[in-house]
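Participant: I have a structure I would like to understand better, so I am pasting it below and will then ask my questions one at a time.
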Amino acid sequence: MPVRANCHRHFLADTMPDGTENPLKYYRGIAMRDAAMTAIKPGSRDKFDLDSMDEDDFLVGNQGGIGFGGGISGGFIQFGNWTGDLEQNPHNIVHVLVGRGGGWIGNPITAGVDPLFWLHHCNVDRLWQAWMGAPGKHMVNDPRWNHGPADRAFIMPVVGGNKPGISFGGQDCLAGGLFFPQYDDLTKGTGVTQGVQAVTRVSMGPSESQTVEVIGANAGPVRVSAEPAMTEVAVDLPGANAAVLSMGVTEPGEEVSRLYLALESVKGDLASGMLDVYLDLPEGAKPEEHAEKHVGSVALFGLNVASKPDGPHGGNGLSYTIDITDQAKQFTAAGLGKGLLKVTLQTRDGHSGDATITVGRLSLLKRTGKVG
Amino acid sequence: MTGLIEHFRRPPWPALLGVSAAGYVIWLLGSIGVLPAAVCVTGAGGWPGGAELWEVVAATLTLNAPGSLLTGWSMMLVAMMSPLVAAPIVHVQQSSLARRRARAVAGFLVGYSMVWLAMGVPLGLLALQAQAAFGPSAFPLAVGVALIWSASPVHRRLLNRAHRSRPISLFGMRADGDCLVFGIEHGLLCAATCWAWMLVPLLAADWHFTAMLATGIVLLAERLSLPRTAQWRMPVAMSLALRLRAHLFPLVLNRRHG
């Protein structure tokens, strides 16, 4: 990935327009041009992508386990620790990979004081705006999002460090809000074109009519440390067979399904890290040698905060879903028909070290809707 | 306010609030003699000085049939606790196969109810003891104890633990067992968190229903407050009262001047 080529010139310039030294040139004492080249070394499974923009629904199901937006935080949904598609990639993965070298952006506790944080989050806001403006996307008009987040306040530091900074919420970054910018282009680098519907996947109908149900789960918590950990997800065959049959359906009005692997209540002490997920890995095989078995990675940004028993997540950790619909053939061969899926988890070298990550449960989710 | 309504509009809130309301109504009908349920656990005017606890218990059981006490306590639990189990019920439902969801929720509720039904004995005895020892002062004392308990770091730590979910197995006896254990675990945390407030309606004598309703609201507000660092804090009941005052005062003033 040509990071340096994409590094904005304002971060590389020696001086400001007025000739004074450019404060953006240095990142934690390292010249930005070097920091960008050394800290971000995307590996074969590190993927900044815009797949999340293909998702049509902001929220599917009651808790947001699946969807563009993610789980609803706050007291009313106390176990809602799900990570949304946009939040997972590119949001989390940028935090994890850019912060890997020790940058403030890699830890949710310090991320807000990192200048890159604001650049990154403005881009996330821009992607959200672009997604809402693309046809076929179902944004929710819900005070829980507009007035959110419920579990904490966003505060932007002000120049000079004067307290208390500027408090703002979700709606302040949306159209009509205090910090809503005038975007001159919502197409470049967003994965969607305004006003043009790119049919990348079949519409599953109104979000509120879709259902999400669990059709498989492993036996108990899995601990992953330096060595990969394997677990078996026992699958409910009637549910799985019905899902497989309706996965490729395109006839309007017919039932259509997608399948997701869910990593529930992932906990650990790491501020950030990466967890790679493989399906049907041969016995004793090294995961990194089987890219074809890699079904996804989760960027564990903020695991430390979410795992604290007295933290805002109540120690429930974070939960993730990986859309595995497109790997249907692979996991059908991997044993879905026999009612057993073999899943291997591996922490990424250089991210997690010897730290242990616990996955509370691995489950298989079936999302069902009607072709719209 | 719209955000609040939006939350309560979604499942499982309408059903749980409905069950809770039914619990309050049945309790009320029982207390005015429409339904045959005696629901007062303690004597209204205090006990004679020097009475031993066993004598007070014996007198209570003579005045109130055990079945009636159990019915009264059960209705109190249905009324006050139903809204508190919204989050674990959603967790249990979503963690279970669609065809097993009702069974999973039933398993959770059995475990949860077992704990709370059993808690009726120590809480009842404690209420009787307090009534015997402090007479009419027992009620304000109970409110004071509940407020101090709510402000304490131990209470906050337990409340934080009550936000904890538990992985639920998908198949067979293990799934049933997990739901039952989760119910017991959650019930124990709930009881450990709420015991002080539950004494308040038990000692409220003629104001039992009002105290029960107010306590139910306080317990729900406490449960909905987000997990946070365990330290001495203003009790949720007090911040709730202050917020209510801030909302109600303008209404009262507007009415006066309007």
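A Cβ is built for glycine as well, from the same backbone N, Cα and C atoms used for every other residue.
Computed from a predicted structure; not experimentally measured.
Grabbed the feature section from TrEMBL, which reads as follows:
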type	residues	note
TRANSMEM	B:21-47	transmembrane segment
TRANSMEM	B:67-92	transmembrane segment
TRANSMEM	B:104-126	transmembrane segment
TRANSMEM	B:138-158	transmembrane segment
TRANSMEM	B:179-198	transmembrane segment
TRANSMEM	B:204-224	transmembrane segment
Participant: Against which stretches of its own chain does the transmembrane segment (B:179-198) lie, if we need a Cβ under 8 Å and a gap of at least six residues from its ends?
Facilitator: 80-81, 84-85, 88, 92, 96, 103-105, 107-116, 119, 123, 142, 145-146, 149-150, 155, 158-159, 161-162, 164, 166, 168, 215, 218-219, 222
Participant: When you scan the chain for residues with a C-beta under 8 Å from the transmembrane segment (B:67-92), skipping those not six or more beyond its ends, what do you find?
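Facilitator: Hits for the transmembrane segment (B:67-92): 11-13, 16-17, 19-24, 26-27, 30, 36-41, 60-61, 101, 104-105, 107-109, 112-113, 116-117, 120, 124, 163, 165-166, 168, 179, 182-183, 186, 190, 198, 201, 212, 215-216, 219-220, 223.
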Participant: Grab the same-chain neighbours of the transmembrane segment (B:138-158) for me: Cβ-Cβ under 8 Å, and only residues 6 or more beyond its ends, written as numbers and ranges.
Facilitator: 46, 127, 130-131, 189, 192-193, 196-197, 199-200, 202-205, 207, 222, 228-238
